[in-house]
Structure formats: C-alpha cells, structure tokens
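If you check TrEMBL, you get these features:
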type     : residues : note
COMPBIAS : 272-281  : compositional bias 'Acidic residues'
COMPBIAS : 293-303  : compositional bias 'Basic and acidic residues'
DOMAIN   : 87-216   : domain 'TFIID subunit TAF5 NTD2'
REGION   : 267-316  : region 'Disordered'
REPEAT   : 352-393  : repeat 'WD'
REPEAT   : 425-466  : repeat 'WD'
REPEAT   : 467-508  : repeat 'WD'
REPEAT   : 509-550  : repeat 'WD'
REPEAT   : 551-592  : repeat 'WD'
REPEAT   : 593-627  : repeat 'WD'
Amino acid sequence: MNNNTIVNGTDSPGSASGDKRDLLALLKLIKKYNLKQTEELLCQEANIRSEELEDLDDKEISSLLTSALGDNQENNPPGITAHTGTENDPEFCDTVFGELRNFVDESLDIYKHELFMVLYPILVQIYFKLVSNGYAKPAREFVEKYGPDLDYYYREDLQNLLLITKRSDLENNDFVTAMETDKFIIRMSRDAHSLFKRHIQDRKQELIADIVAKYLHFDTYEGTARSKAQCDATAGSLIGEARRQDNKIRVYYGLLKEVDFQSLTTPAPTVVEEEDDNDPDAPDKPKKKKPKKDPLFSKKSKSDPNAPAMDRIPLPELKDADKLEKLKALREASKRVPLNKDSLPSVCLYTILNSHHTVTCAEISEDSYMMAVGFTDSSIKVWSLTPAKLREMKTAEHLKDIDKDAEDVLVRMMDDRTGEAARTFYGHSGPVYRCAFAPEKNMLLSCSEDTTIRLWSLHTWTCIVVFKGHLFPVWDVRFSPHGYYFASCSYDKTARLWATDSNQPLRIFTGHLSDVDCVQFHPNSNYIASGSSDRTIRLWDVLNGQLVRLMTGHKGSIYALAFSTCGRYLASGSSDHTVLIYDLSHGQLVTSLVRHTGSIHTMCFSRDGTILAIGGLDCCLTLWDFSKLAEDYIAQNSNASHNPEINEGDTYLLRAFPTKCTPFLSLHFTRRNLLLAVGTYKA
C-alpha cells in the first residue's frame, strides 16, 4: 500500500502521520510561547483540535528541533543544544541579559533601584550555565562585559566567580552551593515586581523566567519602591536580603530579673562605712550612699515586660560566693562615672611590644583583674592587672586544714608563696584565636586552629577539659553572662552551644553559607548571635535552636558583635570598615557608623549603655553617643516598615583617638566606666 494510513488513531510504520506529529510539536511550541493567534490559525488550517496538543511532551519538541538542525549539531560541544536561541548559547545569553539590563536602565527612577538588584543573581546563574556546558571563555567575557555595571560590593564575588572555569569546579564550591541551594532573596515593591514579570512575558525570555523560578525569591510588599540608599543599606550578602517573615518571631530581648540582694545588704552599710573612714567627709557619706544603693537594688529587681521567664532555660544556681561577688559589683556600680557627650571616659591602652605578628587575641575579665592573650605559638599568657599576684591552689594535704565554713574559704585555699604576675598555658597545637573568662573568674576558655576548645582552671592553672566537635579551625568562643554555657563558631559553617560539664555540644546552629567568624551571647543568656563571611548576622534561640533573626547589610565578613546593655540592640563590625546597629525587636537596621578605614575587630558598650567604643585595625579608637542614637531612632521610627529611613550615623561620633602604630585587639569598660584597650605595636 503506497498511501500512508492511520489505524485507530495510532501511527503505522512509515505512515505520513509523522508529519502530523511534527505539526503538533510545532503547535505545542507556539502555544508554549503564548502565540495564541498563530496557534488558532494553524489549528484551523490543519484541522487539529487543541486537545491533541496535550499528548506531546517537551522531550518530543526538543527532538523535533534537534533533528531539524541536521548536521549542525556535530559542530557543537557535547551536551549543547545547537539551535538558535537556546538558553545554552553564549550569544543568546548575552542578548537576553543585555535586553534585561536595558530594561532596567530605561525604567522609571522610582523603580530602577529595586529592579537593578535582579541583575547580579541572574548574571551569576547564566555564568554557571555557560561554564557547565563548556563555554568557559565566552562565560568570562560575559562577566567582564556586564560585571562592572553591578554594585561595588559584588566585585570580590565576581572575582571568585571567574576562578570557576570548568564543570568540575562547580562541584563542592561554597559559592556555587550558596547560589544554587538557597534562593537569592530580593525585597521589592509589588509595582516593581509586576513590571519585571511583564518584561519577561512580553520579551518571551524563557531563560530569565527559568532562573527566576529556580533561584530567586521575591519578598514583595505594598507601598512605594525604595530608594538607592535604602536598597544598598540591607544588600550585599550571599543570600540577598532577609525576608520579612524571617524576623517575625518574638524575641525576648529584655534582661532577666536579678536575684534579690536585700538579704545580703545587711553587712553592706558596715563595709561602706569602713571604706569611707579614711575620708574626712566620711560621717556624711554613709547617709548619702544609703539612698543611692536602695534604688539600685530595687531597680534591678523590677521585671522587664520584654524579658524571658527566669526558668525559660536552665541557669546555674548562684552560690553564696557568687552572690557576694554580684553585691560587690553593685557597690562598684554605685561609684560609676556617668558618661555622656560632655563627660567622655578615660582610656587606658595596654600596648604589647615586639609581638605584632605573634599575638592573635586579647581578653580582659569582667572585673578587670586579669588579661589573657593568645599567641600564634599555641600558648596563652594570663597577666594580673592589679598588684595582686596570680596564685595557685594549695596541695591536698594543706587543704584538709582549712575551715570550709569560713567566709573567705576561697582566699584561704590559695597558696601565697606561688603568686606570680603572669602565668602561661600550654596545650593547643595551633594558633589560639580567642580567649574568654568565666563570669565566676575561676576558668578560662580558649579556641584554636587545632579544631579544639580547651577549658583551663585559674586555680590549679591546668587544662580541665578538651572539647572536640568542630571539624575545622575554631574562630571564636564566648561564655554566657550567667556562666555554665558557652558558644563557639568555626570554619565548618556552624556555631555550637556547649556546657562546661558536657563534652558534647547541646545545640548545633546551621544555616550560614560560609565560615562563622564570631559569636556573642545576649545579656539574658537566652540567645546567641553569630556573624559570618556570608555577610549575614543570625540570632539563635538557645532554648530550641531556632533561627529568630536574620540581618543583612554588611558588604564584608563580620568579625565583631556586641549587645547593648539593655539587650534591645546589636552592633556588628565588619571588614567593610563599618559598624551596623540593629533593633532586635524587629530585626531592623537602625544606622550605619562609618568612620574607620580598616576592619573592625572589637567593640564594647559602656556599663551604663550610653557610649559605644569601636576599635579598628586602622589604629583608631572611636567613641559614639549611643544614648542619643537610640533616642532618635525610637522617636523617628518606633514601628518596623518595608522601607525605613536609615539614620545618618556620622552625627553621633563624639571623639576619635588615633594611635601611632597600634591596631586594637580588645576593648573593655570597667565597672566604673574606665575604658581599657589592648593592642600590639606595629613597628
């Protein structure tokens, strides 16, 4: 039989229905590109019902187009579809991205800045596609052509992007993983988003539509589009911006109710009178100090409506010695110098000589009695900052003779004959990156490149525990303000919560896309903040390990974190030379403090919370009026909005203290608001 036939709706071998299948494939392709009029005309002429188009899948369409190209397929690299307009073709990719860039450039100014944010993630994904399909050179030319048009804070990322030149480089690459697995978040007004979608549909840009569907997430909102300054304020991280829903969970940022010291205040007046006996005005001072102390105690005992419950997380019970130490701290606080713009703190700078390339960190104890310094040779040295010597505990035989019920039992346990001005710890097998004193002043934590954390006794001057869990170097370790718990962070992209009596972590906080460079406990011990090289700050709930805040805005790795004394605000310092202040109640950026010309590695709030001190590697110390900053923020914008105005931080700078050649390693306010600084002299 010469004529081809169709039997029961199926194609017999060699039938002419193959032509009909080709026609159906062509109609399906036309329908895919939403060419309705062309589709209707062809269906009428070929007498084809629209239901027949549903029988074809995309593979048959691709097969039809591939076979139509004939021998041209042989001239292309393996795995590359050779038809004109394919998303894998470098010229097509260049054309599509060029049209997108022109669309953004020609948009109205009110929408242009938000639309501009889509260019970076789309450029990165197109580069990945080209490299994956063997077009390394065109991919590089593509980035070099359009990369300079992007924001300055993506330049380093684009340089890292160009290091990926073949398919194997795409595997197990942190940057690729971050861009592929976590959708890039872009906060955009609904009007701007509608313009962007309409452009994709009108220009039939399937390549852009596919990238948007797979790798981008638009956090849209109703209202006016943001300005360039507002867009830049929270941009820059590997994930884009934080979604509003990431910061919706309530954070109990208030301080815990302090223990009632009324039962311990009985001996206090006697102690105060004895201290003031040497003063010629001593008869009058006890009368003046009594009313000062009472409001202090009553103020501490008030409940904060934003504070967590006392039993929300298990905290260690205070021993009598701890209560007496807290009472001593309160007496010190009663003599505290109030700080403001007219009364700045005195600064004492400890300069470590001949050690610029060997000192890695420095830390001062809460009571300002001791200082610990870590070195690249794996050692830790502890100095006494007072005339009192660092003593060692007596031997077991001598401890038997001590009265355990004596009030000064801890003093009697120490051997005066062993007193030294400084002591050294040995045990790590790599550079020591951070030291942290326990609030009880009886232990010291340290972390190292050797992936371990060590707990040292300041009584026996020996290592008590070695904590192993991190897989790579540990960058930071911090004690909880209430003791017992401590947090660490590492190159392995995790932060961890530990307890001093357990060799396994209690919580492992995962989510950062790069190494976690710093951690810090909230003053109420219920939360831990972590800063990362992915340029984000995350706040974790200690109770359940949940991420409760995600904050963006930095354009470089984050090296320093500090909570305000009230617990509501978080300051972060970065390699981008800036310090950002966030409001934890909403996760909202308050202001940016720009003054330094080097990386920020240390910050500290004064004990009364009025002054923020910042030390940089640019050998400069700056003091900022934080009380005025917080007042202006609350007065201007007490409620979170989609596009808040960011305060200008320069107006709050009180004083800058440059040193000759001493970058700052650590800052610490004493209980009386004297500012202590530590640095290494750089010859």
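Glycine too: its Cβ is placed from the backbone N, Cα and C atoms.
Stretch with the most C-beta contacts under 8 angstroms to the repeat 'WD' (425-466), considering only 352-393, 509-550, 551-592: 352-393. In the predicted model, the repeat 'WD' (425-466) shows an average pLDDT of 94.
Only residues 6 or more beyond the boundaries of the repeat 'WD' (467-508), in the same chain, are considered here, and those with a CB under 8 A from a CB of the stretch are 256, 315-316, 430, 433-440, 443, 445-455, 514-521, 523-525, 528, 530, 532, 540, 542, 545. Remote same-chain partners of the repeat 'WD' (551-592), defined as residues 6 or more beyond its termini with a Cβ less than 8 Å from a stretch Cβ, comprise 153, 233-237, 239-242, 246-247, 251, 253-255, 306, 517-524, 529-533, 535-539, 598-609, 612, 614, 616, 618, 626, 629-630, 633, 639-640, 644, 646-649, 652.
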